[in-house]
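A.B. asks: In case it's useful when we look at the structure, here is the feature table from Swiss-Prot:
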BINDING   Met266, Gly268, Gly270, Asp310  Ca(2+) binding site
REPEAT    21-92  repeat 'Annexin 1'
REPEAT    93-164  repeat 'Annexin 2'
REPEAT    177-249  repeat 'Annexin 3'
REPEAT    253-324  repeat 'Annexin 4'
Amino acid sequence: MAWWKAWVEQEGVTVKGSPHFNPVPDAETLYKAMKGIGTNEQAIIDVLTRRSSAQRQQIAKSFKAQFGSDLTETLKSELSGKFERLIVALMYPPYRYEAKELHDAMKGLGTKEGVIIEILASRTKNQLQEIMKAYEEDYGSSLEEDIQADTSGYLERILVCLLQGSRDDVTGFVDPGLALQDAQDLYAAGEKICGTDEMKFITILCTRSARHLMRVFEEYEKIANKSIEDSIKSETHGSLEEAMLTIVKCTRNLHCYFAERLHYAMKGAGTLDGTLIRNIVSRSEIDLNLIKGHYKKMYGKTLSSMIMEDTSGDYKNALLSLVGSDP
């Protein structure tokens, strides 16, 4: 399933919210869970992981009206560590959360280029526009300008090009002649010459629709006798290679891409908690069920079982509640 279909898949949602929702008792439950000495973490998990993002915003308003305190700030003061990070992530509206992740990836020394690539390469034109709007509202600066200031070279160019959101095309029309020409141009820009015309790769990967690119990849393999992925690996390196490969992966199958990201976060020693939290939170109301299905096919085990092996305590319980039952 490629990325252009992923946002109409209602069966992919793991967090659907409460059908008989009332923010008043939910806010009261959270207040009692954090009142006095100690915290009832399970009560917090039961409420916040089983409500939709829109419902959580209503709970926050009710909490403020009833108790005069900001719910997110109260949660920050009562919780700690990875569990706090996860619960606080749930309190952000989706686009504001992704704007925050992008801002955090660029603030301070160093840049988390993988986070920026992941978000920009996997979102639709409309989603990117909402993220850019939220970013400017929350941080008082342009996302595009901040990316330009924080990155350089061909990586900067591909990220800015992705922000333009030119890839979306739901009409389904593909011009076979143009697809063949693009494939020939990619071959001429890489495998056929000494060196690489990076801008030709960037232009085609960032401005063509997903359906069109799928046809380009087919034609390219016929011409080059190798996949577009193999050519990218041999012609580029570093963050530019990662960005190009991410575009290709998201074009071929978005759900497989996110399954791979989740596995990458948990494989080996240690856990990349930022990647794990971001992808589970951001996909839970979109297509996490579909991602779970692909995860099991790709790695021979369920996402839930991997979370159980790799995390612990309230953090683990909250993640499992968001992920839901296994397919």
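Using the three backbone atoms N, Cα and C, a Cβ is placed for every residue, glycine included.
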A.B. asks: When a 10 Å sphere is centred on the Cβ of Met266 (Ca(2+) binding site), how many other Cβ atoms does it contain?
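C.D. replies: Looking across every protein chain shown, the total is 19.
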A.B. asks: May I have the DSSP-based helix, strand and coil counts for the residues of the repeat 'Annexin 1' (21-92)?
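C.D. replies: Helix (H, G, I), strand (E, B), coil: 53 helix, 0 strand, 19 coil.
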A.B. asks: Could you count the residues of the repeat 'Annexin 3' (177-249) that DSSP puts in helix, in strand and in coil?
C.D. replies: 58 helix, 0 strand, 15 coil
A.B. asks: By DSSP, how many residues in the repeat 'Annexin 4' (253-324) are helix, how many strand, and how many coil?
C.D. replies: 55 helix, 0 strand, 17 coil
A.B. asks: Specify the count of other C-beta atoms within 10 Å of the C-beta of Gly270 (Ca(2+) binding site).
C.D. replies: 9
A.B. asks: Taking the Cβ of Asp310 (Ca(2+) binding site) as the centre, how many other Cβ atoms fall within a 10 Å radius?
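C.D. replies: Excluding its own Cβ, the number within 10 Å is 17.
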A.B. asks: Name them in sequence order: residues not among Met266, Gly268, Gly270, Asp310 whose Cβ is within 8 Å of the mean position of the Cβ atoms defining the Ca(2+) site.
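C.D. replies: Surrounding the site, in chain order, are Ala265, Lys267, Ala269, Thr271, Leu272.
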A.B. asks: Per DSSP, what is the residue tally for the repeat 'Annexin 2' (93-164) in helix, strand and coil?
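C.D. replies: Helix, strand, coil within the repeat 'Annexin 2' (93-164): 57 helix, 0 strand, 15 coil.
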